[in-house]
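Annotation source TrEMBL lists active site, proton acceptor at Lys41, Tyr260. Among the features that TrEMBL reports, substrate binding site is placed at Arg139, Met308. Marked as domain 'Alanine racemase C-terminal' by TrEMBL: 239-364. Here TrEMBL flags Lys41 as N6-(pyridoxal phosphate)lysine.
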Amino acid sequence: MSPNLPTELTYLEIHLDHITANVQTLRSHIGGERLICGVVKANAYGHGLIPVAKHLINIGVEWLAVVSLPDLIALRQAGITHPILLMTVVHPADLNTAMHYQATPFISSIEELLYWQAEAKRLQQGLSFHLKMNSQMNRLGLESAQLDAFLQQLNQEPFLKLTGVALHFAQADTPDLPNMQDDIAMLMQIKETLDARYPDLVYHLASSLAVRHYPQSVISMIRPGIALYGYELPHLKPALSWISHIIHIRRVPAHTPISYGAIEETTKACDIAVIPVGYADGYPREFIHTPYIIINDKPYPLIGRVCMNQLMVNLGEHHNIKRFDKVYLLHPTHFTAQHLAEASGTISYRILTGLSQHLPRRYSSSSAQEQ
Ligand SMILES: *Cc1c(COP(=O)(O)O)cnc(C)c1O
């Protein structure tokens, strides 16, 4: 007889139905005729690249965006045929791979345009791309002063086809900034310049927070990431639970130090529960406020340092919690990645993308079986 598979004490549960609800909420914000490009970089913000991408396609999201060529290849190998934006610079050695897997790359300089043109010519193969303009971000992107030269070079060769123009905000989190209004104006100006010659381009700028704070930035398509997963806009549903189980409970008296460094001790007699989750799983180690763990819908404070693979929780004196009871390190309503981020002085994005790849991910809606 073969032994049992190990019990998964710790796992992530991804609520695909919440992602569906979030996409519906976004659609109602932007109006029916606008497109959605679902950003699934960083393992779909920790939620699992392939199952999330398939789910987004199933519920009608028109485009996907990644920032790595291996992610693009994984999506194609999973059978996804929708357009995929590759929002990064592709190494010259990888151009034919990107073309083989039908990337729609961002091109953000004349130099990149030249090497893509040379490759497309060598392969005698067409390539659609989106022109990425610089913004107050000053990361990737063409300076608007170079636009004419870029378009002139584009017209030298027939293989590359401009199908979209994109921009990315530096401060989408703050409403009413003149700098951001300037960026929108710049893109609208480019649209005006290009409309006659390229009437069918997709213009896109808005990330999740821009949809909220700069509705004028919603042009023909939006590129939401964090909002798909339930954060940063009102009325969204966090799509992820982080579940584990208590592996030990110890009764201790007042003034008992707990965990490494004895940085914290009990103030009165209480029960300390051990949870098999630590910073190696992506739980933060530095805090500015005490985080909570949810057990039977009630919050219990973390006590002492988070270890590599374990952490401790103060259950207090009176409770009916038992060893192997279920706990939530992240809960879609009671303690979300936003709450954990605030406790550790960071942002929800950092918590979600820090969730370790090795954590098992379970998908809690029928669409998950499609994978
Ligand atoms: C990550 C990213 C997005 C999505 O941003 P959110 O704030 O998660 O909505 C959109 N566009 C670009 C270029 C990005 O890098």
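Even glycines carry a Cβ here, placed using N, Cα and C.
Local packing around the Cβ, expressed as the count of other Cβ atoms within 10 angstroms, is greatest for Lys41 among the recorded positions Lys41, Tyr260, Met308. The DSSP breakdown of the domain 'Alanine racemase C-terminal' (239-364) into helical (H, G, I), extended (E, B) and coil residues amounts to 19 helix, 46 strand, 61 coil.
In three-state terms derived from DSSP, Lys41 (active site, proton acceptor) belongs to a helical segment.
Rounded to a whole number, the C-alpha distance linking Tyr260 (active site, proton acceptor) with Met308 (substrate binding site) is 11 angstrom.
Under the three-state DSSP scheme, Arg139 (substrate binding site) falls in the coil class.
Between the CA atoms of Arg139 (substrate binding site) and Lys41 (active site, proton acceptor) there is a gap of 17 Å.
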